[in-house]
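Q: Please find one structure pasted underneath; my questions will follow.
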Amino acid sequence: MSEENVLIGVIGGSGLYQLDNLTVVKTVNPETPWGFPSSPITIAALPSGTKVAFLARHGIGHVIPPSSVPSTANIAALKSLGVSAILSFSAVGSLREEISPGSFALPSQIIDRTKGIRDSSFFNGTSIVAHAMFGDPFSNKLIRWLEPRVRKALEKEGKGKLLFTDKTIVCMEGPQFSTRAESVMYRQWGGDLINMSVLPEAKLAREAELSYALIAMATDYDSWRPHSDAVTAHDVVQTLHDNGASAKLVLSTILDDLHTTINTHHRALTNGNSQDLEAIREEEALLQERGSMKFSIMPASPQQKAEDRKKLAFILPEHFKDAA
């Protein structure tokens, strides 16, 4: 594991780290047992010294389609740098009239419409079985922490952009957009948003015991409106450009505060410092996923291969101490 004090990982477009108040410290490309990440990871620092790791989900220049994103390597690489919480930014289609293009959302639930093409578990292909809890696919405490701060940042921007919470996002396989029939069906299922990126990211973050939240940016109305043209990539890119500026403002507003909060929780959970423990009681601990895989992994047995335990120790050293 890296000695870098990088507690926050940001996954999104390659331009997200180009903030006025960020200085690039270094670029790293860690090799993991699942290969290399989508792109080299940029470690940047705020004037305060807070470091953040930025990863371009679709590669530099957006060259990797949704079904081919190496999400296992992406999450493992971020964890290897010391990351404890991931903020994932993604363009989404809106399945609700009130969530107009340009709006932001912090979803709380996912409907999985991927097709099994994507590797969705670190345990796949190993001799070790695990069943991670996924009833709440996003980190609820992190979302509650983010909500007032993201809302305040958008209000400060003054463009009238709204923030929605407690929404359900549908993750489709892609790369094609929905048919009109599918889009209408997703609305009937209770879907509010749709994208191609949140899975398997959220599942893998849970297995790696990382807090994970999706900051969704609505770019279009998908294809459910009967009298509107179906969504095109051109529509998405046009709105995404404006949303990108808003995303940068959100990041520059919250990163220092989030780093300080996570650092306090780390100290409290690691050292049991009474002052820090009191601080995280007052403001709920963000690192709720830490230790969550303890009872999800099947007990060690002679049938489990040593090389598999060593592989999984890369992301879960606490649970595979004999192999780390």
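Backbone N, Cα and C atoms are what each Cβ position is placed from, and that goes for glycine too.
Pulled these features from Swiss-Prot for this protein:
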- Ser14, Arg57, His58, Ser90, Ala91, Ser197: phosphate binding site (BINDING)
- Ser178: site 'Important for substrate specificity' (SITE)
- Met196, Asp220, Tyr221, Asp222: substrate binding site (BINDING)
- Ala233: site 'Important for substrate specificity' (SITE)
Q: Based on Cα distances to Ala91 (phosphate binding site), point out the closest of the recorded positions Ser178, Met196, Asp222.
A: Met196
Q: Let me know the most crowded of the recorded positions, choosing from Met196, Ala233 and counting other Cβ atoms within 10 Å.
A: Met196
Q: Out of the recorded positions listed (His58, Ser90, Asp222, Ala233), which are within 10 Å of Ser178 (site 'Important for substrate specificity'), Cα to Cα?
A: Asp222
Q: Using other CB atoms within 10 angstroms as the count, which residue among the binding-site residues Arg57, His58 scores least?
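A: Per-residue Cβ counts within 10 Å for the binding-site residues Arg57, His58 bottom out at His58.
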Q: Give the maximum pairwise CA distance in Å, whole number, for the residues Met196, Asp220, Tyr221, Asp222 listed as binding substrate.
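A: Looking at Met196, Asp220, Tyr221, Asp222 as a set, their Cα atoms extend up to 15 Å apart.
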Q: How far is it from Ala233 (site 'Important for substrate specificity') to Asp220 (substrate binding site), counting Cα to Cα, in Å?
A: 10
